[in-house]
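The Ca(2+) binding site annotation in TrEMBL covers ASP17, TRP18, GLU20, ASN22, GLU31. The transmembrane segment feature in TrEMBL is assigned to 36-54, 61-82, 119-136, 171-191, 206-226. Look at TrEMBL and you will find HIS79, HIS205, HIS209 tagged as Zn(2+) binding site.
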Amino acid sequence: MGDELLNFWGPVTSSIDWCENNYVCSSYIAEFYNTISNIPTIMLAVIGLIIALSQGFEKRFTVLHLSNMILAMGSILFHGTLQRVQQQSDETPMVWEMLLYIYILYSPDWHYRSTMPTFLFLYGVIFAVVHSLFHFKISFKAHYAVLCLLCIPRMYKYYIHTEDLAAKRIAKLYVVTLFLASLCWLCDRVFCENVSNWPINPQGHALWHVFMGFNSYFANAFLMFCRAQQRGWEPKIVHFLGLVPYVKIQKPKSQ
């Protein structure tokens, strides 16, 4: 009974319980730091969304920033409850987001315009249904890793064909944040038993969230720059408050 009073969401039913003590800061939040660490992702996605809408970027980028927000909100639900149903609200949007990145990266050279979005949409729907039924564990991670790897060659191609130094710097920040995020995730999983005995838990998974939030923002900004170049919109990198880089475009009057 005592445990039930301290644990608002009941016993853990998710397939993963991360390296953070549960219900320490609040009886309503299972993993406090893993939950609040999604806030930077939401804030950066809102900034990206405002930029995309205010300058008239294609709808794909509006959907991309919204998908970043949805993923972060799903992660909040998962880490805040550690319930199996809420775990799906984190993992399924992860796959959907990667499918969207694949579309944005590969669609400019795809000759049959309707086939790619149709296939990716159906793939995403089928995955959501199957994953909700079978609750993949290791295979989910492998599947997600494959989707990520599919994006790398195309990102590299865009990088080597980009001459703008500021845009290249954003691409490098994308790589750096991805590396740091992956390192934090890996250390949190591999060294959890050791970390649990430290006086202060460095919260590796929470840091993964923070770095991946910036990683998504840098990826989006770089892709927006590349797409604007393809459309002849004269993009350039400017900084909000001198800190946050974003893409500013100048569309021809005919557009």
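Using N, Cα and C of the backbone, Cβ positions are placed for all residues, glycine too.
Note that the coordinates shown come from a computational prediction; the quantities given were computed from them, not determined experimentally.
Here the C-alpha separation of ASP17 (Ca(2+) binding site) and HIS79 (Zn(2+) binding site) works out to 9 Å. Annotation: stretch 36-54 has the most Cβ pairs under 8 Å to the transmembrane segment (61-82), among 36-54, 171-191, 206-226.
Within the same chain, the residues at least 6 positions away from GLU31 (Ca(2+) binding site) whose Cβ sits under 8 Å from its Cβ are TRP18, GLU20, ASN22, HIS79, GLY80, LEU82, listed in sequence order. For the transmembrane segment (171-191), the list of distant contacts is 18-19, 155, 158-159, 162, 203-205, 207-208, 211-212, 214-215, 218-219, 222: same-chain residues at least six beyond its ends, Cβ to Cβ under 8 Å.
Set side by side, the binding-site residues HIS79, HIS205, HIS209 differ in how many other CB atoms lie within 10 angstroms of their CB, and the most is found at HIS79. Fewest Cβ neighbours within 10 Å among the binding-site residues ASP17, GLU20: this applies to ASP17.
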